[in-house]
C-alpha cells in the first residue's frame, strides 16, 4: 500500500513539474519579442505610424506594407482603450493591395497589462475571451504595465487574407467586453 502511494505521489509531482516547466517556457516564448523603451522611444515609435486620420475616428493606411502603431491607454477609470493617431479605438482602414501590415503595440498604461489580437469575430466580446474561439490571425502577448517611465512594446506582422472586416481587441479579462476593441476594414 505504501509503495502504491509513493508511486502515485511521484507521478503527480512529475506531471506538476512538466506542467510548470511548460508554463515557464510558454511565458518565455510569448514574452520573447517584448522590449522596454522610455518616453523618447515611445515618441520615435509613434512617428513610425504611416496612417492618416481620414474621418471620424478612422485612420487610413495606404501602400503594400503600412506600419500601424497602437497605444494601450487608460484615459479615465474604469475603461482602458486603444489609440492610433490620437483616435480612440479607431477603425483602421487598409487598401486591398496590402501585402503585410506591421503593427507595433505600446502599453503606456501604468495600471494594467494589455494584449492585442486580430480576429474575424466581431463584438460583443465576453468578459473572459476564449482565444481558441476567436481564432487569432495576429497576436501580441500580455504587455506588462508601464512603470518608472518605461513602456513595454512588441511588434507583430499581419497579412490580411483578403478584403473584409476584421477586429482588434485586448484579450485581457474584462477589457474587450468594456470597449477595448476596434474595427479593421480591408477594402
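In case you wondered, yes, glycine gets a Cβ from its N, Cα and C as well.
Among 114, 135, only 114 appears in TrEMBL as part of the Cu cation site alongside 170, 175, 180. Per-class residue totals from DSSP over the domain 'Blue (type 1) copper' (111-187), listed helix then strand then coil: 7 helix, 34 strand, 36 coil. Sorting the binding-site residues 170, 180 by the number of other Cβ atoms within 10 Å puts 170 first. Around residue 114 (Cu cation binding site), the C-beta neighbours below 8 angstroms that are at least 6 residues distant in the chain are 72, 80, 105, 107, 142, 143, 170, 172, 175, 180.
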